[in-house]
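Asks: Structure incoming, see below.
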Amino acid sequence: METSLTDSLTLNSNSLRTTLEKPVIVVIPDTSISIYEIRSNRRRLFILIILALSSILLPFSDSVYLPSLANIEHDLHASTTLVDYTISTYLICAGIFSLLWGSLSDQFGRKIILLLSFTTFLGFTIVCILARSIIVLLIFRSLQGAAISASLVVAQSAIVDMYQPDTLGFAMGLFLVPFLIGPILGPFIGGLLSNAFGWRSTFISLAIMSVISALLILVFVPETHHYLVLQQLSRDVKKKCKHRNQTNTVIVREADNILKPRFMFPWHPLLALSDMTIVPHIAVSNMNFTALFISLTLMSNRESQEPYTLSSLHIGFSYIPVGLFALLGSLSGGWVSDWSAKHFSQAMEGRLILNLIGTLMCPIGLLLYGWTFHFGIHLALPLISSALFSFGESFMYTSTCAFVNIKKPAMAGSLLALINAISFVCAGIGIIVAIPLLTLVGFGPLLSLVAGLSFLLICISMIIVIYQLRSSKLSLVGLNDLSKAASTGICTAQPENIISVQWF
């Protein structure tokens, strides 16, 4: 009996020793979160939709009174040139001040700047409603553009705050849908309003829209700036822990990379123009954007002349095809950009390659648009042509915005402001230059020149993308050869196998 008991104790002690000698693996669950995961997908989509609908006010305000330009000219006893300049000065001021709004939003946050933008825009719009001279209208139209430009720049920065790079292309494409159809929806609604109530009713609609947008942002849109979100999250956690008398922490994976924002001078983003890996792609988008606004502005004047002689109502209807194809181009362009980024992943420029091919519709559409209007061919052909280049413009624009922010994420707000600033300034200057050129050479030669510039920039951008992809592929091959040599114990001295990717 004693022997069996002793054996049993010995056996148990041996099994215990064996158990203790085995390595113990403790799985600790990852309790950290990403700054992008703080909100649910549904919540982010809801915020995106509100910001997108609010940003429509910038292009809508520019184009809502296009069908009533002749009425404004008659009512205010102004020349056609001065009335057209209310469009170009609006665009130029929107471009210049977007640089300031981008820097301010990086410093003070997105929400407060958006609310300030819509409030000041409302005040300037009221003056435009009451304007009795073309000079007053011209000045306060410029101030309108300066104020409302934040609705696009700051809202784009908020989208970059909420979405990770692998889904940013589609999110940006969805966000830009209202912005890209705004120039088309504006003339349609403006034609209806001015035909029924006069041209001042178009500015009343802008005042109503600004109030609604400000209220939606005030109630439903939270602050999205990463640093401010991190600070708010820290305060919320401390408050909950103090209330429940317990200690708790929330680990944000990107916390080390989120720095306290510093104010950058508005011209600081211009330094990015020294980076030749992004400048050609920005130039393509800006050229196409300029061509779009030149075409939209001249369309109203041309359709009111022989052989078309359309009323303001019918001129508004003629912008619908352009808006529908801009919508299609924006959505498909964002999706194609994300798809290309996965399948041409050896270089960041890979996400642009298919969008550059698609944007060839811009010069093709511009050529057809210009010459069909030049010879007064049936209105269906100019409308189809305008739909083609609007698709090509929006197809590339969404991809460029996503690419630039992924390339330089630390300057997201400033770079988006830079893209928009150059786009609007070039569009405004383009309209000023195009009006006298149109009287000299006519529609066909003028838009042929614009189409030629667009095609040239697309070719340059395409060459750079292909070069970057090939260089990146060769670099990867060289690195693989070196790793194989190192693994087999062979030392190789062939540094020329490694080719630098960033030559531009």
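From the backbone N, Cα and C atoms, a Cβ is placed for every residue, glycine too.
Below, the features straight out of TrEMBL:
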type: DOMAIN; residues: 47-473; note: domain 'Major facilitator superfamily (MFS) profile'
type: TRANSMEM; residues: 45-65; note: transmembrane segment
type: TRANSMEM; residues: 85-102; note: transmembrane segment
type: TRANSMEM; residues: 114-140; note: transmembrane segment
type: TRANSMEM; residues: 146-163; note: transmembrane segment
type: TRANSMEM; residues: 170-190; note: transmembrane segment
type: TRANSMEM; residues: 202-221; note: transmembrane segment
type: TRANSMEM; residues: 270-296; note: transmembrane segment
type: TRANSMEM; residues: 308-331; note: transmembrane segment
type: TRANSMEM; residues: 352-371; note: transmembrane segment
type: TRANSMEM; residues: 377-403; note: transmembrane segment
type: TRANSMEM; residues: 415-440; note: transmembrane segment
type: TRANSMEM; residues: 446-467; note: transmembrane segment
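Show me how these features fit into the shown structure, please.
Replies: Here the transmembrane segment (85-102) has long-range neighbours at 58, 61-62, 66, 72, 113, 117, 134, 137-138, 141-150, 152-154, 157, 266-267, 269, 293, 297, 413-414, 416-418, 420-429, 431-432, meaning same-chain residues at least 6 beyond its ends whose C-beta is under 8 angstroms from one of its own.
Residues of the same chain lying 6 or more positions beyond the ends of the transmembrane segment (114-140) and with a Cβ under 8 Å from any Cβ of it are 54, 57, 72, 76-78, 82-83, 85-86, 89, 101, 147-151, 154-155, 200, 203-204, 206-207, 210-211, 213-214, 217-218, 221.
Long-range neighbours of the transmembrane segment (270-296) within the same chain, counting only residues 6 or more positions beyond its ends whose Cβ lies under 8 Å from a Cβ of the stretch, are 62-63, 66, 91, 183-184, 187, 319, 322, 349, 352, 356, 359, 362, 366, 369, 386, 389-390, 392-393, 396-397, 400, 403-404, 407-408, 411, 414-415, 418-419, 422-423, 426-427, 430-431, 434, 447, 450-451, 453-454, 457-458, 460-461, 464-465, 468, 502, 504.
Residues 63, 66-68, 70-71, 173-174, 176-177, 180-181, 183-192, 194-195, 296, 299-300, 302, 358, 376, 379, 383-384, 386-388, 390-395, 397-398 of the same chain lie 6 or more positions beyond the ends of the transmembrane segment (308-331) yet place their CB under 8 Å from a CB of it.
Sequence-distant neighbours of the transmembrane segment (352-371) (same chain, 6+ residues past either end, Cβ-Cβ under 8 Å): 281, 284, 288, 291, 295, 329, 333, 336-337, 339-340, 344, 381-382, 384-393, 395-396, 398-400, 403, 443-448, 450-452, 454-455, 458, 461-462, 465-466, 469.
With a threshold of 8 Å between CB atoms, the same-chain residues lying at least 6 positions outside the transmembrane segment (377-403) that come near it are 156, 168-169, 172-173, 176, 180, 184, 278, 281-282, 284-285, 288-289, 291-292, 295, 299, 303, 308, 318, 321-330, 332-334, 336-338, 348-349, 351-352, 355-356, 358-369, 416, 419.
If one looks beyond the transmembrane segment (415-440) by at least 6 residues along the same chain, the residues whose Cβ comes under 8 Å of a Cβ in the stretch are 81, 84-85, 87-92, 94-96, 98-99, 101-103, 145, 149, 152-153, 156-157, 160, 269-270, 272-273, 282, 285-287, 289-294, 297-298, 400-401, 404-405, 408, 446.
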Asks: Would you say the transmembrane segment (45-65) and the transmembrane segment (170-190) are touching, if the rule is that at least three C-beta pairs must lie under 8 angstroms and be 6 or more residues apart?
Replies: yes
Asks: Pairs of Cβ atoms less than 8 Å apart decide it: which stretch in 45-65, 202-221, 446-467 has the most with the transmembrane segment (146-163)?
Replies: 45-65
Asks: Who are the long-range neighbours of the transmembrane segment (45-65) in its own chain, taking Cβ under 8 Å and residues 6 or more past its ends?
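Replies: Long-range Cβ neighbours of the transmembrane segment (45-65): 39, 72, 87, 90-91, 94, 114, 118, 121, 144-145, 148-149, 151-152, 155-156, 158-159, 162, 171, 174-187, 189-190, 193-194, 199, 202-203, 205-206, 209-210, 213, 216-217, 220-222, 224, 293, 296, 319.
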